Structures are given as structure tokens and as C-alpha cells.
Amino acid sequence: MAPAPPPAASFTSAEVQRRLAAGACWVRRGASLYDLTGFVRHHPGGEQLLLARAGQDISADLDGPPHKHSDNARRWLEQYYVGELRADPQDPTENGAGAPAETQKTDAAIEPQFKVVDWDKDLVDWQKPLLWQVGHLGEKYDEWVHQPVARPIRLFHSDLIEAFSKTVWYSVPIIWVPLVLYLSWSYYRTLTQDNIRLFASFTRDYSLVVPESVFIGLFVLGMLIWTLVEYLIHRFLFHMKPPSNSHYLIMLHFVMHGQHHKAPFDGSRLVFPPVPASVVVAFFYVFLRLILPEAVAGILFAGGLLGYVLYDMTHYYLHFGSPHKGSYLYNMKAHHVKHHFEYQKSGFGISTKLWDYFFHTLIPEEADPKMQ
């Protein structure tokens, strides 16, 4: 017979208030208490919205308006559960109740579904590297990988390989921006020689001279092309559903993108690590060189590479930044968090929604309750 689980911790209102006064952000749902201090700056609605509810019951906020929280958001909340609110016998104002009467009861149909996360009973052993384990999940993999958790991930047994699989955010601009500057300067100088022609490999008579004045246009075109590549890779490669009977394709999916959906706030896995990124960058450079004149290919590539850097920086900020309410990045953050927690089959644009508009994969807007 399995041992009974340990009793939940309990706190009086006075104990909760002391923690709030010390700067913590605790909230409650009925009598259940949650410490969201570490999540405040990640909240898609902004820090202030969450801080304003410190010490309060958030049951109504979970159901909206303005936003009805998804099942995954409610599961996410349970990872921050710390205990129950209990009556303080020395405080006569509580009248023997640990929480106001209207918040004592919770929906019995919902409660079991979003119980406290039990890491010991998960489908994988979180004390061991995950990569080899996920391949054995089979049909359970897709549902499991789209139920995010608030903890870091380890993929490999080897410390060396593990180190190559993650990185800090600032490695991206440090490594790639100097290359963008060098390529831009080098290929601009090549354009100034006035001997670059398009279609010269097919016909000299109808080939087009590429003047230096088109440098900016080619560079911006490269950035625009990157936004399309970003969208296509995210939608069709990262969000492919691997066959449930393919151990290795499941592992490949988890390495490419599944790990990010499982642990969306693992800061060491939010941007593309330099070693695997170098392989992909080299592929795109060689591909462009094969189909275009060297200078044209190089300028397009430099623009695309800068587009990639901006994409990775934007992606990191959407997870860890706290943009001003109403700003472009605020709306993009809300859009991207919905992609993680509720709409995994839409909202594939990270740096822009342009291609979501074009291919009709926008995340549906929630109806304004004031208009109903």
C-alpha cells in the first residue's frame, strides 16, 4: 500500500500578509495558496496586473473577463501551489474561517483535473536526462509535450553535449552581428565594382547589372525572406506531429522544438545554441551562393542573418521581458504565450504576424465582454 501523501502546508492570513510585505506575490484560489513571485515578470498580462492581485482570490480572474485562462494555464498555476489558508484563532475577524465563505468552495468538476503536479508520477523521470525517455512515450508524447512545466530540462547524459545544447541569450548578437557587419561591408564593396550581373549564366545579352544603390533593398529583402523562413520552419518543421511508433523522430522533434514547448521558461533553451546554429547558417549561405551571384547572395544572406538575430532576441524578450501595456511587443507577447498554452496549431509568427495573416493562421481574438 502506497504511503499517504504528506499533509499540505497551511498559513494564516497574518503569515501571508508578512510574506506580501516582504515583497512576495502570493495569490489564492479559494483556500489554496500560490507563490507567484518567480513568475511575475513572465506573466503575459504584465507585472502590474499580477502584483495588483497579490493576496487576493484570483478565481474570477481565471475565468475572465478580460481573458479566460486555458487548461494549460491552470495546470501551470498548480506548480506554484504552497499550501492552504487556515483560520487564525487569535484573529476574531476570521470567525474560524480560513477564507471568505464565497471563495471556500471550488468547482468539484475542475478541481481533480488541475491538482498539484506530482513529479514522481509523471511519464518521465525528471531526475534523468529526458531525450532518450521521450522516444518511449509513443502516442502519449504529443499531449505530454504540450503541457508546459515551470522547470529546466536536461537532455543528455554527457556534460559536454549538454553544454552545446543550450546557451545564454547574449551569445546570439555577440557571435552573429559581427558577421553581419563584415559580410555587409565586404559585399557592398564588391557591388561598387559594377561587374555584378543577374542571369549572366543564362544570357549575357539580357543580363542585368546590379548597381550599389540596390544594397539596402537587397538587405531588407533578406530580412523579409527570413520572416517567411521563420514562419515556415516553425509551422511545418517544429510543429510536425512525429509518428507515435517512431522513437527517433519523437526524439528529433523534442530536440528541435518539443523541449521548448515543455519548458517555455527555461532561459538556457530559448535561443539557438551557436554550434547547431552554425550548421544551419552555413546551409543557407551555401544554398544562396549556388543560385545567385556571390554579392547578391551575400547581401541577402546578411539581411536574413540579421533577421534571425532579431527573431531570437524578440523570442527571448517575449518570454522574459515585461513590455509596456498596449505596445507592439506587449501584444506579441500575449500572442506568443497563447500559442504556447492554448493555440499550438496557430500563431506561428514570432517577430511578426505578417505570415499568420497571409496564411490564415492567426490566433482567434477573444470577444470583448463589453460588446456582448
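Residue numbers in this text run from 1 along the chain shown.
Each Cβ is built from the backbone N, Cα and C atoms, and glycine gets one as well.
Here is what Swiss-Prot records for this protein:
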DOMAIN    8-86  domain 'Cytochrome b5 heme-binding'
BINDING   His43, His69  heme binding site
TRANSMEM  168-188  transmembrane segment
TRANSMEM  213-233  transmembrane segment
DOMAIN    219-361  domain 'Fatty acid hydroxylase'
BINDING   His234, His239, His257, His261, His339  Zn(2+) 1 binding site
BINDING   His260, His315, His319, His336, His340  Zn(2+) 2 binding site
TRANSMEM  268-288  transmembrane segment
TRANSMEM  290-310  transmembrane segment
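Cα of His260 (Zn(2+) 2 binding site) to Cα of His339 (Zn(2+) 1 binding site): a span of 12 Å.
Averaged over the domain 'Cytochrome b5 heme-binding' (8-86), the predicted model reaches a pLDDT of 84. When Cα-Cα distances from His315 (Zn(2+) 2 binding site) are compared across the binding-site residues His69, His239, His339, the shortest belongs to His339. Counting residues 6+ beyond its ends, the transmembrane segment (168-188) has Cβ neighbours under 8 Å at 212, 215, 219, 267-268, 270-274, 281, 294-295, 298-299, 301-302, 305-306, 308-309, 312-313, 316 in the same chain.
Annotation: His43 are the binding-site residues among His43, His239, His257 whose CA atoms are within 10 angstroms of the CA of His319 (Zn(2+) 2 binding site). Nearest in space to His239 (Zn(2+) 1 binding site), taking C-alpha to C-alpha distance over the binding-site residues His43, His69, His336, His340, is His340. Shown in sequence order, Asn72, Pro148, His261, Pro264 are the residues of the chain, 6+ apart in sequence, with a C-beta less than 8 angstroms from the C-beta of His340 (Zn(2+) 2 binding site). Close to the recorded Zn(2+) 1 site, the chain also has Phe238, His260, Gln344, Phe348: residues not among His234, His239, His257, His261, His339 whose Cβ is within 8 Å of the site's Cβ mean position. Using the Cβ center of His260, His315, His319, His336, His340 for Zn(2+) 2, the list of other same-chain residues with Cβ within 8 Å runs, in sequence order, Pro264, Leu270, Leu318, Val337, His339, Ile350. Cα to Cα, His43 (heme binding site) and His257 (Zn(2+) 1 binding site) are separated by 22 Å. Separating the Cα atoms of His336 (Zn(2+) 2 binding site) and His69 (heme binding site) is a whole-number distance of 14 Å. When the binding-site residues His234, His257, His339 are ranked by how far their Cα is from the Cα of His69 (heme binding site), His339 comes first. Proximity of His234 (Zn(2+) 1 binding site) to non-local residues of its own chain (separation of 6 or more, Cβ distance below 8 Å) is seen for His257, Phe348, Gly349, Ile350, given in sequence order.
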